[in-house]
Amino acid sequence: MVKLRETEVILRLCIVFFLLLTSCLIGLDSQTKEIAYIHKNVSFRYLLALEAELYIDVVVAAYNLVQLGLGWYNVEQKTSNPKWFSYLLDQTAAYVVFAGTSAAAQHSLLVVTGSRELQWMKWCYKFTRFCFQMGSAIILNYIAAALMVLLSSISAFNLFRLYSPKRFFRFKSSS
């Protein structure tokens, strides 16, 4: 059980690291070029999906830090209610990060390819550093989402090991 707890702590630390690194890459990235004697600046604020992804990453990183803090102070969960809550929040966080990353990737693909119908130019020909940093941020976010899926499975194991395998939704101690 101790190894499982250590694994959960390491996973949460890695998730926080990847999410904060992604937030820094997205939030601090901007590039200015002179195009036809006009200074053009591009940043994450021009892409709504990247802005939403930044906020999602910060909130989920804060949630994982709170979970680490609860584990640090040995807040032992004797009943199943806090474990259910933790399990559902871990699941929700994993799904939200994956969905936000997928939306940001789709929006970024529009920036890479352009769209004649929407009069979007291909930004990556002009703003290459911006595009490479956004691409690396999206890859790091997918890694964080995969780690969160693994963390959710550990959370599910911690929850369902309390229940009896013979009686439906009965604690092992009461059967």
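Cβ atoms here come from the backbone N, Cα and C positions, even for glycine.
Swiss-Prot annotations:
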CARBOHYD  N41  N-linked glycosylation site
TOPO_DOM  1-7  topological domain 'Cytoplasmic'
TOPO_DOM  29-45  topological domain 'Extracellular'
TOPO_DOM  67-91  topological domain 'Cytoplasmic'
TOPO_DOM  113-136  topological domain 'Extracellular'
TOPO_DOM  158-175  topological domain 'Cytoplasmic'
TRANSMEM  8-28  transmembrane segment
TRANSMEM  46-66  transmembrane segment
TRANSMEM  92-112  transmembrane segment
TRANSMEM  137-157  transmembrane segment
Taking the transmembrane segment (92-112) as reference, which of 8-28, 46-66, 137-157 has the most Cβ pairs under 8 angstroms? 46-66
Model confidence for the topological domain 'Cytoplasmic' (1-7), as mean pLDDT, reads 75
